[in-house]
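Taken verbatim from Swiss-Prot:
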BINDING   160, 169, 296, 321, 373, 374, 375, 376, 397  substrate binding site
ACT_SITE  212  active site, proton donor
BINDING   247, 296, 321  Mg(2+) binding site
ACT_SITE  346  active site, proton acceptor
């Protein structure tokens, strides 16, 4: 079915920053996608094009990316008459129009918007849900479909919050639930208990939420944060059913080959900065003491030695985000160096759907897990909810059970679970190997 029109406009993300929305029109209707953006972005990511004109949107405008869709991609796309059901052909066309390794000519935000909108249009042309079309594209098994464990970011530190806490995300994972719906109820109850405990211990303003919906109290150490979460799990009556995941985002506090856990203090004491092995010892002690099942970005994005050293003895899922940035070359290196055993999949890091699917397939082939992820600057777009089901990864992180741009994805997963009924299973404790269920 022919695409009659491709059109982009600038809209706003959850931080109030401009982002790209793309509409693709076929006989079946108008199909829309909005591109997210990150705060802690890896240096090896595809280029998100921003205008840089400080007099408008403080330099964060996306008028050039929008113009690239409307003036370069749209005419070429309509003229090429590409079969939108063939995602590889769609993305190959987009990549050939750009011609750079990191999508810096047109912008990954321009390319991805079109790539996702095309997948939505193709699903409609086939008269199937988006998750089914994505399963077809990735040759995923669909009996049963797998609903993911939601890793809910309930407490924020690092670059996402004030306070001295260095680690960026503390997530709860309701692995003991029997269904996604029950996982959400458990997550919601723990979240509300955490909020009231936080206000009690740190004052009412501590209940205010960060970019991803988690509380951001003035906490100094990881232990203090974890004690608070464990207490909230107990108070909610869900002990044993809820595990914990960390996203350390440690590239953010890596300085001169060391890790500065007091990085938000401009006068931090350099004699207290930690070496890779010292930081690994800290993680080991946390894993011993708390029900942690997953640690993301424990070390900086090019500190390969620290990653490989820690992975040997970690005993929990080690997730690569800044290390791999959903980039097939970086993923291959991480697999070869035995640096991690799970990929954080962010579609806008690589900038097209086909490349995202390939990244997941490469990871599965190496026996890795895959956690599909939102970005901190999100929108009401729910694409990744269908993606996590289509790829059967068994795990997703898309913020707290609060703020509509986070809940949009979680609510879409509730709908998908309901629609699939007994054709789907909840990953639960098998989140790391969801694709094998």
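Cβ from N, Cα, C; glycine included.
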Taking the center of the Cβ atoms of 247, 296, 321 at the recorded Mg(2+) site, which other residues in this chain have a Cβ no more than 8 Å from that point? 168, 169, 246, 248, 249, 295, 297, 319, 320, 322, 344, 373
Candidate recorded positions 212, 247, 346, pick with smallest Cα gap to residue 373 (substrate binding site): 346
All-chain count of other Cβ atoms within 10 Å of residue 375 (substrate binding site): 27
Give me the Cα-Cα distance between residue 247 (Mg(2+) binding site) and residue 296 (substrate binding site), rounded to a whole Å. 4
Out of 212, 296, 346, 375, give those recorded positions positioned within 10 angstroms of residue 321 (Mg(2+) binding site), comparing C-alpha atoms, in sequence order. 296, 346
Quick one: which of these recorded positions, 212, 296, 375, have their CA within 10 A of residue 346 (active site, proton acceptor)? 375
Rounded to a whole number, how many Å is the Cα of residue 397 (substrate binding site) away from the Cα of residue 212 (active site, proton donor)? 10
One should report the C-alpha separation between the residue listed as 'active site, proton donor' and residue 375 (substrate binding site), rounded to whole angstrom, as 9
Quiz question: given the recorded positions 346, 397, which has the greatest number of C-beta atoms lying within 10 angstroms of its own C-beta? 397
Give the residue from the recorded positions 212, 321 that has the most other Cβ atoms within 10 Å of its Cβ, counting over every protein chain displayed. 212
